[in-house]
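The transmembrane segment annotation in Swiss-Prot covers 40-60, 82-102, 107-127, 132-152, 167-187, 212-232, 244-264, 278-298, 306-326, 377-397, 400-420, 466-486 (among others) and rests on sequence analysis.
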Amino acid sequence: MNLDFDLYILYGNSILPECILILSLVILLIVDSIYGKKDTPWLYIIPFSGLVTSITVLFFQWEEEPIITFMGSFQINTFNKIFQFLILLCSVLCVPLSVDYIQCTEMAITEFLSFILTATLGATFLCGANDPVTIFVSLECLSLCSYLLSGYTKRDVRSNEATMKYLLMGGTSSSILAYGFSWLYGLSGGQTQLQEIAKGLISTQMYNSPGTSIAPICTMVGIGFKLSLVPFHQWTPDVYEGSPTPVVAFLSVVSKVAVSALAIRILNIVFPLSSNEWHSVLEILAISSMILGNFIAITQTSMKRMLAYSSISQIGYIMIGIIAGNSNGYTSVVTYMLFYIFMNLGTFACIILFSSRTGTDNIRDYAGLYLKDPLLASCFASCLLSLGGVPPLSGFFGKLYLFWCGWQAGLHSLVSIGLFTSVISIYYYLKIIKLLVTKRNEEVTPYITNYINSSYFLTSKNVTELSMMICVIASTVLGLAVNPIITMAQNSIFSSRFTSSLLIL
């Protein structure tokens, strides 16, 4: 007992936000076992409170000195904390989004919330993981819960199909990533910490060996799959279309934030001497994602499949900041991801509300929604315009700063393609908005004709509508406060010893 207590004193405070998530998970399971199968909708309070508490503790620990703990397997600094905050924020918003959906579909509440908490836990650990084993375990903690969540509606054939594709391709990518890690372990002389692996590659003079080319390739393939970069994106449309919509909302942001943090850390710490090579590869992946994602999104008839291809293009934009390879680039990534969380979750909140009242996901069935539900249509249009980067919404300022940082870093062709494809994205977003406000009777489907409006202006009937309003307001107002947000992100990144000592500034 003394040893356990000493270990907690030594390590527990440094991972207190993660410990709170674990405690919330344990309490959730205990409460469920006590109440059995009784109707306990208030169970959502447990994970929600745990997530909010974790964010609060994270803020209190923000100014603490950077450390590497757990015998070198976990790194804590403000660079990692800012990504952990984004993950926790996304989870806090996703829990209310799932309340009414799960009640309508009569899915098991406890297991769903347990998977959300466990996936969040894996994502937060992934942001600070400092050795290949911890990285792999954290990534699989996130991935396995993602597979289970995507197939949560087990009676739905599309959901089962999506889960199988996700599981098979996810397992393959994880195997490739583990294979790359094994090369790093061998070439570095048996080192395990990321910093020691980099030093080992230099001391053993293995940087010019063929094996050193295999390791970053395997790493980028694994990361490319998790981020849905082209050509590793094939699973994304099917998973988005077949999975429960709250799950899609969760996965569309959390995995991107966590794996982006991993990509920045592992590529800059382990492969700084081959930065030109992996920069070139990432440029090709980013360009392919921006072009293919936006052009295929135009042809989609399913709303969730359209957002799947839209998310592929969005990660292409985010890659511009990562490829920039300096503190300003990473600041732009953090800033845009903060805006992306609100505008993307706001969009999915609108889809959840519409599909729960109509049972359809077809884009054509949204025609005339403004006549029946002006509030929902207005919120949906606002989020779509923000995703497209239309001023004065937050998406515009996020993309503007992202492209400016890329231009300053000399990525002129990449930024030019980003600007061009952003215009393409505005086209298919406006096409949907045109459908929302149409007054032509021949375009209005029976879904809208029989639509029952259960909400009134500025009045929330359920937590999903409340979450939608929060996301819409944030995706609008945050654009007006972009300068303070950029300043806070810059201060957090500059104060991190990770960025000051290891990243290319």
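Cβ coordinates come from backbone N, Cα and C, glycine included.
Residues 283, 286-287, 290-291, 316-318, 320-321, 323-326, 328-329, 331-333, 335-336, 389, 482, 486 of the same chain sit 6 or more residues outside the transmembrane segment (400-420) yet have a Cβ under 8 Å from a Cβ within it. With pairs at least 6 apart in sequence, the transmembrane segment (107-127) and the transmembrane segment (244-264) have 3 or more Cβ pairs within the 8 Å limit; the two touch. Proximity of distant same-chain residues to the transmembrane segment (40-60), defined by a Cβ-Cβ separation under 8 Å and at least 6 residues beyond the stretch ends, is recorded for 16-18, 20-21, 23-25, 27-28, 31-32, 81, 84-85, 88-89, 91-92, 95-96, 98-99, 103, 109-110, 113, 116-117, 120. Relative to the transmembrane segment (82-102), the listed stretch 466-486 leads the set 278-298, 306-326, 466-486 in CB pairs under 8 A.
Beyond its flanks by at least six residues, the transmembrane segment (278-298) meets 216-217, 220, 224, 228-231, 233, 267, 271, 306, 309-317, 319-320, 322-323, 325, 411, 414, 417-418, 421, 424-425, 427-428 of its own chain at Cβ-Cβ distances under 8 Å.
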